[in-house]
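Undergrad: Pasting a structure below so you can have a look.
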């Protein structure tokens, strides 16, 4: 059993989603958004760090998964996003969590089956996969999708390494 915290970083709104993985079963534990209403960036980064730290303390995850920075048209926005990611990652590292990063396209491909999926499609599939009664907020849905992707990737990596080990021993199942 593992608890995974997924983070969809943003300098104004950072989504988070927490799930438990037991074998192939995924269970929703919580989600939401850290909203920063202050205007100066250093204060927003402080709020992101504090918010992520609080979530880690509350849910005690085993793994931390976060979306990678994508190339934005606006360089200033990309820099702010990178700084928001940094604040969240530092919170995870300060709590001794292993950090995993996933590209947005990989997350959409894993959860929806299409790397160019729309936000509404991601919300719908997250709702379906986690058996939620309603669509989560967009940023929270993205964070949950990141956590789901981590479960999928880590499960596949475990299966591949077990297959290689069996092959090395002369057994292939």
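Count begins at 1; order follows the chain as displayed.
Any Cβ shown, glycine's included, is placed from N, Cα and C.
Pulled these features from Swiss-Prot for this protein:
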{"type": "ACT_SITE", "residues": "8", "note": "active site"}
{"type": "ACT_SITE", "residues": "67", "note": "active site"}
{"type": "ACT_SITE", "residues": "139", "note": "active site"}
{"type": "BINDING", "residues": "8, 139", "note": "Mg(2+) 1 binding site"}
{"type": "BINDING", "residues": "67", "note": "Mg(2+) 2 binding site"}
Undergrad: Where residue 67 (active site) and residue 139 (active site) are concerned, what is their Cα separation in Å, rounded?
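TA: So the alpha carbons of residue 67 (active site) and residue 139 (active site) sit roughly 11 Å from each other.
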Undergrad: So how many other Cβ atoms are close to residue 67 (active site), meaning within 10 Å of its Cβ?
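TA: A 10 Å sphere around the Cβ of residue 67 (active site) contains 25 other Cβ atoms.
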Undergrad: Measuring Cα to Cα, how far is residue 139 (active site) from residue 8 (active site) in Å?
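TA: Approximately 6 Å lies between the Cα of residue 139 (active site) and that of residue 8 (active site).
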Undergrad: My understanding is the cutoff is Cβ-Cβ under 8 Å with a sequence separation of 6 or more in the same chain; which residues meet that for residue 8 (active site)?
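TA: The answer is 14, 15, 16, 17, 67, 139, 140, 142, 143, 146.
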